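Contents: one structure, followed by commentary.
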Amino acid sequence: MXXXRKSHPLIKIINHSFIDLPTPSNISSWWNFGSLLGVCLGIQIITGLFLAMHYTADTSTAFSSVTHICRDVNYGWLIRYTHANGASMFFIFLYFHIGRGIYYGSYTFMETWNIGVLLLFTVMATAFMGYVLPWGQMSFWGATVITNLLSAIPYIGPTLVEWIWGGFSVDKATLTRFFAFHFILPFIITAMVMIHLLFLHETGSNNPSGINSDSDKIPFHPYYTIKDILGLMMMILILSMLILFSPDLLGDPDNYTPANPLSTPPHIKPEWYFLFAYAILRSIPNKLGGVMALVLSILILALFPVLHMSKQRSMTFRPASQCLLWILVANLIILTWIGGQPVEYPFITIGQLASISYFSIILILMPMTSLVENKLLKW
């Protein structure tokens, strides 16, 4: 019976992925976020499924169906707020996970990293379409503004936008297709996650030192299963506090007003986790330039393996690069703040400066610092 774990075709795969997986003995809590993201994805799919049972993807009833879920469905409010705040947790963990990858040089696993970048784009697309579904003011105007950006694409832009809308404005057809895509994409994400793990297990995990750890591996279970459970408990605690004490903390009050194409909200802004990219988009006065900067702000992650100039993999023993990375983090926080502010004098300038520094830190300062560090170490 004990042999079934290693011989059964299906259980064998699970065994090699989560039980007998050789893992570096020194990986820190920064390596917990992968499993937490998996749990978040599971929570989102389950709560989303239950929401879909009561939601109607029609402009005339979408808003009231969400109200019905919160008021009349047993624990509907809990399912709805778990789904909404679960998305926020998902993005917090995603950004931590990416930050960990940058700090410890995990991007040298090219295949794993590139699938990860694709995953980020897919998750962002899914979250954006999910935000449109409650059909509140910010849902409608957010969808209008963001889809309209595609009209900046030369020649095919305007046609492409109308094709996505399914008409001449964001309307019933748009809502229906967004619901369809929002439902299917998490399953595509799950498949991509499996590929992500497949590539990761080809090379094995990275570790804080950035050097090969083949000589010092321990089994994943029980050492890291118990460590992941601790992270899971902390996540559940934070998420529960968010849902039960201040479920609307991260939301926008405008989304409690039903969508009205005739009145524009004073400040159109996306959910908090897109604000940094939104600030970069707004900081460029030209439409096409803004869209390109928006896409590049995420796509730039794919350049990290190319921009890696250091002879060391990890930043553990590189104080100057560490300093730059933390400046980049501060810069992203500033961009997030600016993205939520109105387009007025001080904010415009701050946003432009933060956008310039975002790209220059990644493209110029970090590679140059790495080269200087190599010189200092006589490499």
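Quick reminder: no glycine exception, Cβ is built from N, Cα and C everywhere.
Features as listed in Swiss-Prot:
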| type | residues | note |
| --- | --- | --- |
| BINDING | His83, His182 | heme b b562 binding site |
| BINDING | His97, His196 | heme b b566 binding site |
| BINDING | His201 | ubiquinone binding site |
| TRANSMEM | 33-53 | transmembrane segment |
| TRANSMEM | 77-98 | transmembrane segment |
| TRANSMEM | 113-133 | transmembrane segment |
| TRANSMEM | 178-198 | transmembrane segment |
| TRANSMEM | 226-246 | transmembrane segment |
| TRANSMEM | 288-308 | transmembrane segment |
| TRANSMEM | 320-340 | transmembrane segment |
| TRANSMEM | 347-367 | transmembrane segment |
Of His83, His182, His196, His201 (the binding-site residues), the residue whose Cβ has the fewest other Cβ atoms within 10 Å: His201
Segment-segment contact (the transmembrane segment (226-246); the transmembrane segment (113-133)) at 3 or more Cβ pairs under 8 Å: no
Contact ranking winner - 77-98, 113-133, 178-198, 288-308, 347-367 against the transmembrane segment (320-340), Cβ under 8 Å: 347-367
For the transmembrane segment (178-198), distant same-chain residues with Cβ under 8 A (at least six beyond the ends): 17, 38, 41, 44-45, 48, 52, 55, 57, 112, 115-116, 118-119, 122-123, 125-126, 129-130, 132-133, 143
Inter-residue Cα distance where the pair is His182 (heme b b562 binding site) and His196 (heme b b566 binding site), in Å: 21
Cβ neighbour count (within 10 Å, all chains shown) around His97 (heme b b566 binding site): 19
Other parts of the chain folded back onto the transmembrane segment (347-367), taken as Cβ under 8 Å at six or more residues beyond its ends: 279-280, 282-284, 293, 296-297, 300, 303-304, 307-309, 321, 324-325, 327-328, 331-332, 334-335, 338-339, 341
Positions on the same chain near the transmembrane segment (288-308), where near means CB under 8 A and six or more residues out: 98, 102, 105, 107-108, 110, 113-114, 117, 120-121, 124, 149-150, 152-154, 276-278, 280-282, 355, 358-359, 362-363, 366-367, 370
Beyond the flanks of the transmembrane segment (77-98) by 6 or more, those residues with Cβ under 8 Å of it: 30, 33-34, 36-37, 40-41, 43-44, 47-48, 50-51, 66, 69-71, 116, 120, 123, 127, 130, 235, 238-239, 242-243, 247, 250-251, 271-273, 301
Assigned conformation of His83 (heme b b562 binding site) - DSSP reduced to three states: helix
Alpha-carbon distance [His83 (heme b b562 binding site); His97 (heme b b566 binding site)] in Å: 20
Pairwise Cα distance for His182 (heme b b562 binding site)/His201 (ubiquinone binding site) [Å, integer]: 29
